[in-house]
Amino acid sequence: MDQVLGLRSSNLQSPKNNKEHHTSEIGSQRLFVRRAQAFVITLNFDRPFHADSDKIVFTAETGPQPTESLGTKVRFVPSKARDGNRWSVFDFSTYENSLQVSLSSPANAIIGRYLLKVEISHPSGRAKSYQLGEFILLFNPWNSEDEVYLPSETQLQEYIMMDYGFIFKGHENWITPWPWNYGQFEDDIIDICFEILDRNLNFLNDPSKDYSQRNSVMYICRVVSAMINSNDDSGVLQGNWSEDHSTGINPLEWNGSVTILRQWHATGGQPVRYGQCWVFAAVMCTVMRCLGVPTRVVTSFRSAHNTDGNLTIDMFYDKRAEMVPWERRDKIWNFHVWNECWMTRKDLPAGHDGWQVLDPTPQETSRGVFCCGPASVRAVKEGDIQLAYDTPFVFAEVNADEVIWLQDSGQVKEVLSHNTSTIGKKISTKMVGSDKRQDITNSYKYPEGSAEERSVFMKASRILLGPTGSSYPYMERMRTAWFQEKPIKLQLKLARTPEWGQDLAFFLRARRLQGAEMGIKQLLLHVWLSGQALLHGGKVQAPLWRDELSFSLAQGEEKELPITLPFTHYKDQISDEKLIRLSGIVEIEQTRRKLLVIRDISLEMPHLIIEVFGQAVVDKKLSVSISFTNTQNEPLQNCVLVLEGSGLIEGQMTINLGTIQSGDTIQAEVDLLPTKEGSRQLQALVSCEEVKEIKGYKDIFVASASSS
């Protein structure tokens, strides 16, 4: 008579399952599977399995105190076919003493680490229970039942599988691609991602409830958005927007997410110093792609931070063309970087599925915590700012009006400029399958100045302020300025590419418009010019350069006046961002009217040259050369080269270059040992006392060892 079936061993078939679940990049020693997709395991018994008498029950548990009532513990028995609404075990096949079965979770299962058990019973004896092993369950964007389903294999390869990319920085007229190593499939990163979830405030307050909500991508997104910054918790990164980073790493010196996440883990959850917006967003991209949520990094140039909800950002200048400090917290970032995650939004009206804005940079609180989103990109475009979450804030980031005022002796005097189209420029992300930039501005708003764009703006204003109300303190003064035509068109134009280390050559172009100030034959003009180091947050430092000039303009006349800003004026005054704001105030002598002209300049950095010798093959030495020429007129001191690249280098490789004299070329030759096949990217950063962000990259295709 048969006794209770005894389990001798089990095989979770990790290599085979991981390949079918698009997780083999994470590893093959452990089992990583995705929701709503079957995976196969094998059980080896001490005798043949008899379906009519041997009863087996599987249990999957997650969280610190698994309970069936919260969905963190599930028991499921064999069925003829997969049931998409619940955990299932099906497709039995036997061979001698072995039993092979398929298991599957529902599409709304809780993601995380699971312990898989089996209980075996027989009519003639007691039941026996065995632990089969652990597995990790992830979101499944390949499955149409999952709320993160993305029906494009090309986009899935980009937004889930691609472990490197570009973040676009700089200025709207000088956009720079910044290579970044996301590294979401590096060893231990997936465990660090779940450690992040296990340190969030909700978990610390009620672990069981927190785990029970981890089936929702919206919940996970908000938790991760809060945990990437450290304003409320022991989050991953501490922000620092000052010029002093002596107690940590300058945000410009990070090459990728892996080092940051590993440092956070190694110190027991101490926030890593320091991050700014692009670092926060890049690390969140790593975490979300690792968890299985299609994610991309998005940059908006001239992004508003509107704190009072009136959709207006005020800036102030004095009569010497110097931008002056202001007490209000409103600001315009030179650029701001956030994330978009792809998901369905069953909590919103139809039509709001797809890309959602998530922003881990701590700007404002959302329901008491420093996080932002998910806000539907479609809702932002249509001005439906009443829809969750944080849509009014995101709308203002890309749509606020900019009003520039003349201030004298602390008093607001007059409007210098009212701009309805200078916020939210050239919204950018990496193009799918390419190193190029994709402009996605039209996803966020209608064309500037169009009837649709102004209609949406007014719709959002009414929702925020009511049909008649206004919280704008300078409304009456601004109304009087709206109808005054400018008699002169002014531009500050660059004469050549602005390179760091060189004098900056530009000219003031002034054209008198026909019909303006008809009673005055020659307009007598006096110009005050200033240059100020522009900080990332939109504020400026004290002027590093000033100039004045005078000229006259007849009706319809145009003049170009050459101007030079010497390198000696800005070499020790400029911020690490290498941005300068040139401002000019032109006063018409006869009318005392003042006009403002502004030009932000992003200085071009020297370039790295990266050469690869021979074909890249897994586990075969690959020689690489990185060379750099100091094109400056002065030496660069304490230079360090940092190399990084998932699948090419384990962690980072650091080489001290010392001092590089003016005109000298330095060359570093290194040997890499690629560990993963496919498309890879080597990121290189040279950082010196004078310049923090001399970056370069090289795309490298690594062949498998068998194909070489």
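Going from the start of the chain as shown, residues are counted 1 onward.
Quick reminder: no glycine exception, Cβ is built from N, Cα and C everywhere.
Just so you know, TrEMBL annotations never went through curation; they're auto-generated.
What TrEMBL lists as region 'Disordered' is 1-26. The DSSP breakdown of the region 'Disordered' (1-26) into helical (H, G, I), extended (E, B) and coil residues amounts to 7 helix, 5 strand, 14 coil.
What TrEMBL lists as domain 'Transglutaminase-like' is 269-362.
Same-chain residues at least 6 positions away in sequence with a Cβ under 8 Å from that of Cys277 (active site) are, in sequence order, Trp333, Phe335, His336, Val337, Trp338, Thr361, His536. Under the heading active site, TrEMBL lists Cys277 (among others).
When Cβ atoms from all protein chains are considered, those within 10 Å of His336 (active site) total 28, not counting its own. Taken from TrEMBL, the feature active site applies to His336 (among others).
In sequence order, Ser225, Ala281, Trp338, Asn339, Cys371, Cys372, Gly373, Asp390, Val394 constitute the residues six or more apart from Asp359 (active site) in its chain with CB-CB distances below 8 Å. Summarising the annotation, TrEMBL assigns active site to Asp359 (among others).
If you look up TrEMBL, you'll see Asn399, Asp401, Glu448, Glu453 marked as Ca(2+) binding site. Cβ neighbour count for Asp401 (Ca(2+) binding site): 22 (other Cβ atoms within 10 Å of its Cβ, all protein chains included).
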Using DSSP three-state counts, the residues of the domain 'Transglutaminase-like' (269-362) come to 15 helix, 40 strand, 39 coil
Using a 10 angstroms cut-off on Cβ to Cβ distances, just flag whichever of Glu448, Glu453 is the loneliest among these binding-site residues. Glu448
Determine which residues of the chain contact the region 'Disordered' (1-26) at the Cβ level, with the cut-off under 8 Å and only residues 6 or more beyond its ends counted. 32-34, 37, 39-47, 49-50, 53-54, 56, 97, 116, 118, 120-122, 124-128, 130, 132-133, 135, 138, 140, 142, 156, 160-161, 163, 185, 190, 290, 676
Please list, in sequence order, every residue of the chain apart from Asn399, Asp401, Glu448, Glu453 whose Cβ lies within 8 Å of the Cβ centroid of the Ca(2+) site. Thr420, Ser421, Ile423, Gly424, Lys445, Gly449, Arg454, Phe457
Name, in the order they occur in the sequence, the residues of the same chain whose CB lies under 8 A from the CB of Asn399 (Ca(2+) binding site) and which sit 6 or more residues away. Ala304, Leu311, Ile423, Gly424, Lys445, Val456, Phe457, Ala460
